[in-house]
Amino acid sequence: MKIFDYDDVQLIPEMCIVNSRKECETTATLGKHTFKLPVVPANMATIINEELAEKLARNDYFYIMHRFNVDQLKFIKNMKDKNLITSISLGVKPDEYKLVDQMVQQNLIPDYITIDIAHGHALSVKNMISYIREKMKDQVFIIAGNVTTPKAVRDLELWGADATKIEIGPGKVCITKLKTGFGTGGWQLSALKYCAKTASKPIIADGGLRVHGDIAKSIRMGASFCMIVSLFAAHLESPGKEVEINNCIYKEYYGSASEYNKSEKRYVEGKKELIKIRGSIFDTLKEMTEDLQSSISYAGGKDLQAIKRVDYVLLGDYKD
């Protein structure tokens with residue numbers, strides 16, 4: 001199969017039909033809710049916290065709260081009390097089965113649950129999906145991942161997932177491919193394409209996006225949403241620790257499988273990086289919106305569907 005990544009692809013424009021890029025609609029629907037953009041900040045401890053999740057929800061952006069040292073029940077109740085969408089992450093450990101029971105018992109069923117482990121094509125994920133479905137029926141939208149193959153996508157959908165996350169290891173602070181030899185680093189976009197061809201439910205591109213134009217490329221290859229890490233790191237609202245170097249303020253961010261997040265040096269597959277503080281995340285979201293509107297105008301349409309229909313070229317050499 002042809003292997004390529006974001007830098008290897010350029011989209012080919014169609015005739016523009018709008019008078020202004022502002023006419024282009026960037027909204028995207030996932031489950032029962034529609035959001036301003038088809039993007040979501042990564043569910044990592046240095047990317048999102050309770051306060052930022054609330055701000056995003058109030059402004060009609062999708063979020064997924066991370067699962068590390070968070071009182072999930074308190075978080076869900078707080079968001080429900082404020083009439084905001086509830087979106088959390090779960091792993092597959094025994095305590096998280098108990099948490100599912102507690103959610104049901106306390107009538108705190110969230111709108112979205114993301115089952116979030118490094119290798120999502122696993123029996124442990126199948127068992128968790130089955131348990132959530134048994135307890136919560138169709139009251140919750142289940143996102144599961146992460147996976148990289150069409151077979152994995154088919155299995156997750158068959159097991160009951162409503163959407164799947166695609167990637168292993170292309171993120172800037174992920175070192176899975178270096179530690180294990182496995183991953184989609186260097187061919188993430190083609191992995192997305194081949195998985196999307198098989199999928200009958202939404203696909204979420206997770207990681208490897210470095211610039212705003214990569215959102216349009218992901219949509220062209222079949223993504224319904226894009227989970228983004230580095231582009232959403234180091235903002236004023238970001239929970240990462242501030243570090244001063246040579247009179248410049250940086251914020252740190254690290255992978256969920258890093259020793260900094262796990263607080264132990266076992267099965268480490270992530271690292272830490274510093275990024276100079278960028279300003280408000282809502283300024284970035286505004287710029288991202290404008291850039292995506294431009295992408296839609298180049299695609300010859302008025303909404304995201306136009307991007308899915310454009311042709312593209314592969315640049316230079318690629319592996320076949």
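Quick reminder: no glycine exception, Cβ is built from N, Cα and C everywhere.
Taken verbatim from Swiss-Prot:
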ACT_SITE  Cys174  active site, thioimidate intermediate
BINDING   203-226  NADP(+) binding site
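Feature map: Swiss-Prot annotations on the structure.
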residue	record	Cβ within 10 Å
Ile203	NADP(+) binding site	25
Asp206	NADP(+) binding site	31
Leu209	NADP(+) binding site	26
His212	NADP(+) binding site	19
Ile215	NADP(+) binding site	26
Ser218	NADP(+) binding site	31
Met221	NADP(+) binding site	26
Ser224	NADP(+) binding site	20
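For the recorded site, Ser218 (NADP(+) binding site), the DSSP three-state label reads helix. The secondary structure of His212 (NADP(+) binding site), as reduced to three states from DSSP, is coil rather than helix or strand. According to DSSP, Ser224 (NADP(+) binding site) sits in a coil region rather than a helix or strand.
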